[in-house]
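Database features (TrEMBL):
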TRANSMEM  17-37  transmembrane segment
DOMAIN    17-186  domain 'PNPLA'
MOTIF     52-56  motif 'GXSXG'
ACT_SITE  54  active site, nucleophile
ACT_SITE  173  active site, proton acceptor
TRANSMEM  353-372  transmembrane segment
TRANSMEM  392-412  transmembrane segment
């Protein structure tokens, strides 16, 4: 039975739900979504709008389009595992985050995603022409949903240099203009993997210094610092740490439901730690209860995700109808690259730290080799579009500069205001 309003205390549902920008830590938000689906699905079903910025838009799309959060979690874990096994991780030229993201969305979004999303899913993007945030909520096809998600997740330099288009307009990462998207004059339930002034977030000790990021307030502490590093690069952590983040999101969702008395069936505290155990089922976390589901899809995911580490050239050659003898003889750069990367992995495992340091020093040489000795066609494209790269590079540098400056100025003003207010209260 759906809880009455009187049980929800300070929360009067229905609320909009917004998932903040989160990077790889969107896996935390997927854990929150799963907790709600299991113990208070009515909250998700009754929400007028599900909003998301950057990687948080993936969690929002999963909720709005009825995609199993566990399936998206597994895609993230598998991609992170392969990044961990790849030399130099995201700096490896063969890694294409944007291509992996696109394939994952096409794979998991249902064919009627646009019907489920229209009017309810709000994908926050940053318009490149003026830096304003736009919330896209009208979709004509599944392709529209995919393209809007790609725009919202496009972090310049991290995902590439040429920004994607949505209906002829260039957009980039929605978190650069508003990490916590909201609809004006609407009650909103906020979900964020960084501790701060958010309804559902990790619980950290009180902090006197606050950081303001495009309107959202976060605690300035080491825990949040490491979370931000993880959000941008999961290579620094093992998969078990990302799995723990999913577990933490699930647990924080249940704690929220417990504290607000919002669950559709009883939730009781177990022990002094306050970790909820749920009836009528036992208090098994999703990492344990979903073992059978993971085994069923394991084989298929291994095959499909591996393709995200291959470039478009192999696909074009496989699908080409041009006779083989008419093609230009390929350069041997790919073979040389694979040999170099293979030797790098072997020597790192054998000799440890000295070779890791040496490989890091050689990284500029390898990247220069990749840039200067590619296939002839790639060189033609590079010279033809060099002006575009210069223009986009300047725009992206400007965006990042203004973004960092706004964080510094807003954070400084926030902390000064808090201290002045505190002193005035003491004087009164």
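Here, residue 1 is simply the first one shown, and the rest follow in order.
Positions of Cβ are set from backbone N, Cα and C atoms, glycine also.
Within its own chain, the motif 'GXSXG' (52-56) has Cβ neighbours under 8 Å at 18-26, 29, 122-124, 152-153, 155, 173-175, 178-181, 191, 231, counting only residues six or more beyond its boundaries. Residue counts for the motif 'GXSXG' (52-56) under DSSP, split into helix (H, G, I), strand (E, B) and coil, are 1 helix, 2 strand, 2 coil.
Distant neighbours of the transmembrane segment (17-37): 43-44, 47, 49-60, 62-63, 69-70, 72-73, 76-77, 80, 173-175, 179-182, 188-194, 198, 200, 202, 216, 227, 230-234, 242, 245-254, 257, 286; these residues of the same chain sit at least 6 beyond its ends, with a Cβ under 8 Å from one of its Cβ atoms. All protein chains shown were included, and the count of other CB atoms within 10 Å of the CB of the residue listed as 'active site, proton acceptor' stands at 26. Averaged across the domain 'PNPLA' (17-186), the predicted model reaches a pLDDT of 90. Counting only the Cα atoms, the space from residue 173 (active site, proton acceptor) to residue 54 (active site, nucleophile) is about 5 angstrom.
Counting only residues at least six positions away in the same chain, the Cβ atoms of 20, 21, 22, 23, 124, 152, 153, 155, 173, 174, 175, 179 sit under 8 Å from the Cβ of residue 54 (active site, nucleophile).
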